[in-house]
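Quick look at what Swiss-Prot lists:
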type: TRANSMEM; residues: 41-61; note: transmembrane segment
type: TRANSMEM; residues: 85-105; note: transmembrane segment
type: TRANSMEM; residues: 121-141; note: transmembrane segment
type: TRANSMEM; residues: 150-170; note: transmembrane segment
type: TRANSMEM; residues: 180-200; note: transmembrane segment
type: TRANSMEM; residues: 207-227; note: transmembrane segment
type: TRANSMEM; residues: 234-254; note: transmembrane segment
type: TRANSMEM; residues: 329-349; note: transmembrane segment
type: TRANSMEM; residues: 363-383; note: transmembrane segment
type: TRANSMEM; residues: 399-419; note: transmembrane segment
type: TRANSMEM; residues: 428-448; note: transmembrane segment
Amino acid sequence: MSNETPKKFIPNEQNPMPRWEKKFNKILTPFERFVNRTTTGGLILMMAALIALALANSPLAHHYLHALHVPLGLNLGDWRIEKSLHHWVNDGLMALFFFVVGLELKREMLVGELAEIRKAVLPIVAAIGGMVIPAICYMSLNLNDETFRGWGIPMATDIAFALGVIALLASRVPKALITFLVALAIVDDLGAVVVIAVFYTQDLAWSFLIAGALLTCLLIFFNMIGIRKPSVYFFVGLILWFVFLKSGVHATLAGVITAFTIPAKPKFNTLTFSNRVQDILYKFRKGCEEDESILRNEHLSGLVQTLENGVVGVQTPLQRLEHSFHKPVAFFILPVFAIFNAGVTIDFGNAFQLFNHPITLGVVFGLLFGKFVGITGASWLAIRFGLCSLPNDTSMKHIIGASMLGSIGFTMSIFIAELAFVSQPEMIIQAKLGILLSSLVAGVAGYLWLHKLGGEKSRIGSSL
């Protein structure tokens with residue numbers, strides 16, 4: 001995700017910062033730096049998962065599990081919708097996560113690594129290998145009807161955790177490898193969305209499904225006629241979410257569909273904006289009087305407002321929304337999801353039997369072995385047959401490290417587990433145990449491999 005931190009305006013000597021503001025900034029600035037680090041989202045998500053595990057295995061476990069199922073509803077006359085807090089998080093908050101996933105997918109397909117076929121081949125092929133092989137690995141250990149439905153669980157890669165780990169390595173990994181991992185995870189997310197839509201839907205209510213199709217067409221129509229107000233898309237998207245909730249298709253898919261219809265064209269082109277800004281700045285300088293407050297100068301206030309409107313217009317709605325939602329999703333929605341879903345009560349006296357369950361073994365086998373073999377093997381074959389080439393400054397050893405990090409399947413894997421084993425809490429627990437164990441092992445292994453590799457001088461393509 002492109003989330004470069006905007007530069008701040010620094011007061012100059014003629015307009016110094018007040019003393020109290022300087023002191024406040026000494027406290028705030030380090031916090032802002034922490035929030036804007038690539039590693040922070042992954043660290044907070046990890047902390048949330050550990051908190052959930054600690055609560056589920058503490059004397060507070062009963063209260064924690066009870067809180068997950070507290071009912072919360074909304075009444076409007078005779079109309080009522082009520083769900084547990086757990087369901088509101090998984091069906092409601094996660095729709096915003098899928099909205100951001102959709103924005104990222106659209107941007108990558110328009111101007112990112114997936115926009116050019118030659119560049120896109122490697123992450124696409126790697127992602128497909130990293131989805132198909134893990135599913136086969138899981139199926140091989142779960143051939144009975146009860147557990148077979150979990151085949152989609154090990155297909156997912158958690159981009160927040162993976163990037164958090166790779167960011168800890170700083171300059172030890174080439175930038176092209178990070179780009180490859182991001183593109184792979186985005187294709188992986190698209191695959192997970194398709195799997196959820198096709199294979200993890202309940203009995204379909206066709207009247208609501210038709211209504212959803214009509215609302216989707218309406219969103220596309222809004223895009224085609226040039227409506228740029230995000231509020232219009234959010235309003236229709238909210239109705240689409242409710243319709244999907246009633247249709248049997250998972251409601252979070254409304255987030256992806258809405259994101260794909262968000263306009264990706266700016267109101268003004270960059271040349272028009274540049275010329276207009278020069279004109280506004282000229283008028284602003286001309287209208288400035290020393291030490292005059294802008295509150296008293298309506299002309300200057302008007303120019304600033306015009307400039308602000310221009311800044312909004314030269315950006316695409318897609319850019320603005322992706323930037324606006326990145327931090328709420330990374331620092332609130334995903335940690336809340338982890339707290340509500342990662343809490344697994346472990347009977348340590350019976351640990352061997354817990355981890356010896358076919359679901360747990362299937363998830364571990366799929367994530368740790370299937371992802372590694374799928375991503376590495378598919379990448380090697382694609383390069384070997386001349387379909388693509390390695391990213392700049394990378395070798396197959398780097399791809400091996402990326403495939404280890406690709407085995408971290410936390411968020412989306414848990415989400416699919418909840419869908420695969422609805423009303424079967426024991427099976428969900430088994431799946432979560434496998435996900436947590438695999439993610440821990442994959443994260444540590446990937447870090448150690450790439451850390452060691454960063455200390456060596458690898459030759460590009462030496463392992464081909």
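Cβ atoms are placed via backbone N, Cα and C, with glycine included.
Annotation: stretch 150-170 has the most Cβ pairs under 8 Å to the transmembrane segment (121-141), among 150-170, 234-254, 329-349, 399-419. Within the same chain, residues 1, 98, 101, 104-105, 108, 112-114, 120, 122-124, 126-128, 130-131, 152, 155-159, 162-163, 166, 249-250, 252-253, 256, 375, 391, 394, 399, 402, 405-406, 412, 415-416, 419-420 sit at least 6 positions outside the transmembrane segment (180-200) and bring their C-beta atoms closer than 8 Å to a C-beta of that stretch. Touching of the transmembrane segment (41-61) and the transmembrane segment (329-349) is concluded from the presence of at least three CB pairs under 8 A, sequence neighbours closer than 6 excluded. Same-chain neighbours of the transmembrane segment (329-349): 35, 40-41, 44-45, 47-49, 51-53, 55-57, 61, 64-65, 68, 85-86, 89-90, 93-94, 96-97, 100, 160, 410-411, 414-415, 418, 429, 432-433, 436, counting only residues six or more beyond its ends whose CB sits under 8 Å from a CB of the stretch. Highlighted: of the candidate stretches 234-254, 363-383, 428-448, 428-448 has the greatest count of Cβ pairs under 8 Å to the transmembrane segment (150-170).
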